[in-house]
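What TrEMBL says about this protein:
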type     : residues                                                       : note
BINDING  : HIS247, ASN248, PHE249, LYS250, HIS251, ASP288, ASP397, GLN448 : AMP binding site
ACT_SITE : HIS247                                                         : active site, proton donor
BINDING  : ASP288                                                         : Zn(2+) 2 binding site
REGION   : 495-518                                                        : region 'Disordered'
Amino acid sequence: MATKVVYFTVDGKPEQAEFRSDDTADELKDTFRAAAEANSDDILKLYNTKGNLINISPKLPENTPDTRYKLEVVALHCNDNVLATQFGVVIKDLESRIEMLEKKVFVENGEIPPVVGELKHKVEHLREKLEGVDHLSWLGLFKDISCGTSLKPFWDKTQSIKKTEEHNRMVFEKFKKISQVQVTDEVREYLRKPTFDNWQWDDPEMIILLRQMYIDLDLVSKFNIEMNVLHQWLYEIYKNYNQVPFHNFKHCFMVAQMMYGLTWLIDLRSVLDDVDIFILLTSAICHDLDHPGYNNAYQINAKTELALRYNDISPLENHHCFVAFEILQKSHCNILRNVSKEDYKRIREGMIRCILATDMAKHNEILNNFKSVMKNFDFKSQEHKSLLLMILLKVADISNECRPMDVAEPWLECLLQEFFNQSDMEKLEGLPVAPFMDRDKVTKSSSQIGFIKFALLPLFEALRELFPVIEKDIIQPVRAALEYYTDMQKALEEEKKKGREAAKQRMDKDVIKSKIQT
C-alpha cells in the first residue's frame, strides 16, 4: 500500500506524519490531532506556505521539510470535559457546590446572604456566555471551510412538516444574538464559491449569510432596505419553509448561495442592472416557499386544494409566488416598501416569471427558447434578459451536482427520501407512480445518470455558450459526477450479474444432486 509523508509545524515545532493512500480523512485528522496533542473536540486548520487554508484529506499533497504546512488548533466545542481541561472546573460541579453551600448557610443562619445569590448569578451568567460561544462559529472559528462535511443529512422522518413556534423562536433568538457580529472576509469569500458546504452551518447562521449576500451585493443600500425589516423578512422566509426531506430552508439557502456565487463568478452586475440582481437573489430565496414535499404530479393526480386553486397549472410554483408576496404584504417585513412603483412592478413580474420557470414540466420549452436567441443574444433586449434570468434560476435550483461529492451526495439522499415518501403515498392512494420515484425501481446511480445527461448538462452547457467562465466551476464537476454515478451503476450491474451466475450454479448443482439421488 502506497504511503505519503507530509511535513508540518505545530506551535513552531517541526513534525512529520506518514499515512496510507487508503486512510480516511478522519484517520488523517486523528494523526494531526495526536501531533498537536489536541482534544477530539478541537477543530484543526492546515495552511500551506502561502498562508492559504488547505483540505485535510488523503489527497493532501506531499511536501518537503523546507515547505512545511502549518497546523493550528483553532477552537474547541464547549462541552463540560473541554471546560474542565481549559478552565480547571466543570460548570455542573461548580453549580452543585454552590447549591450545597446555599443549603448549608441557610441551615446554619436561617437566611441566604446576598453574596451567595450574587455568586450563583455569576455562575449562571458564565454558563450562558460559554454556551453562547457557538454563536461565533459562523465566523469561521468552528467551520472547516477547506474540506468536506463530516455531518449527516439533517432529515428526520419523525419530524412534523411544520416547525413549532418554540423552534422558530429559538432560531430567531440565536439569530439576534449573532446578528451584531461581522462576518469575516474569509467566510465572505468562501460564500461566493460553488464548493460551499451547507452541512456545516445551522439555520440561524444561514440566515446571517443570506443577509450578507444582500449587503455585499449593495442591495441593502440601493433599495433602501432597513436592516430590521430585512431581519424580519428573512425570519418570515425561514418560518415558511417546511420540514420536508429536500425542499426545505437548507435547499432555499443552497439555491440562493449558488445564485450568489454565479453572480460573482460570471460578474453578472456588469451585464445586468440592480433590479435584475435583486430579482435573481430574492427569487432564489422564495422559489420553494411552503413546499409540502409532494410534487405537481401528485397535486394534480390527488386533486389537492393547490391543484384546484391553480387549475392544474404549476400549482406548487404558483403557490410559492403567492406565499412570497403574501409575506411582503406585511409591513414589518416588506423589503420592497421603499422602492418606486415602477421597480415594484418590475420586481414582482420578474420574480413570478423566474419562480414559475422552475417547474420542470416547462424545462425543455424554456431551454429551447433560450437556445434560439443565443447566437444573437442582446443584453439590451428585455425578452432576452428575461430568458436569461429564468435560465440562471433554473441552473441554481438544480445545481447540487456542481458541488463536491461529499456535499452533493447527502442532498441526493434527501431528494430520494422525498421521492420515496411520495411514491409510497401514491401506492396507498392508488395514484400513478413515476418510476424514478419508486423505491423498488430506482437507485442513486440510476436516478442521476439520466438526469445529468438529459437535464443538467444541456442546461449548463447552454449557459456556458454565453458565459464560458463557468466551464471549470460548474460544467466540469457535473461531468465528474456523471462519471462517478456511471461507474457506480456499472458496479451494481456487475454485482447483479455475479449474483445471477451464482444462483444459476446453485440451481445446476441442485439439479445434478437430484438426478444422482433418483
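Using the three backbone atoms N, Cα and C, a Cβ is placed for every residue, glycine included.
Fewest Cβ neighbours within 10 Å among the binding-site residues ASN248, GLN448: that distinction goes to ASN248. Residues of the region 'Disordered' (495-518) grouped by DSSP class, helix first, strand second and coil last, total 23 helix, 0 strand, 1 coil. Shown are the binding-site residues ASP288, ASP397; the one with the most C-beta atoms within 10 angstroms of its own C-beta is ASP288. Sequence-distant neighbours of HIS251 (AMP binding site) (same chain, six or more apart, CB under 8 Å from its CB) are ASP288, TRP411, listed in sequence order.
Summarising the environment of PHE249 (AMP binding site), the number of other Cβ atoms within 10 Å of its Cβ, over all protein chains shown, is 23. Of all the binding-site residues listed here (HIS247, LYS250), the one with the fewest other CB atoms within 10 A of its own CB is LYS250. For the AMP site listed in the record, the two most distant Cα atoms among HIS247, ASN248, PHE249, LYS250, HIS251, ASP288, ASP397, GLN448 lie 23 Å apart.
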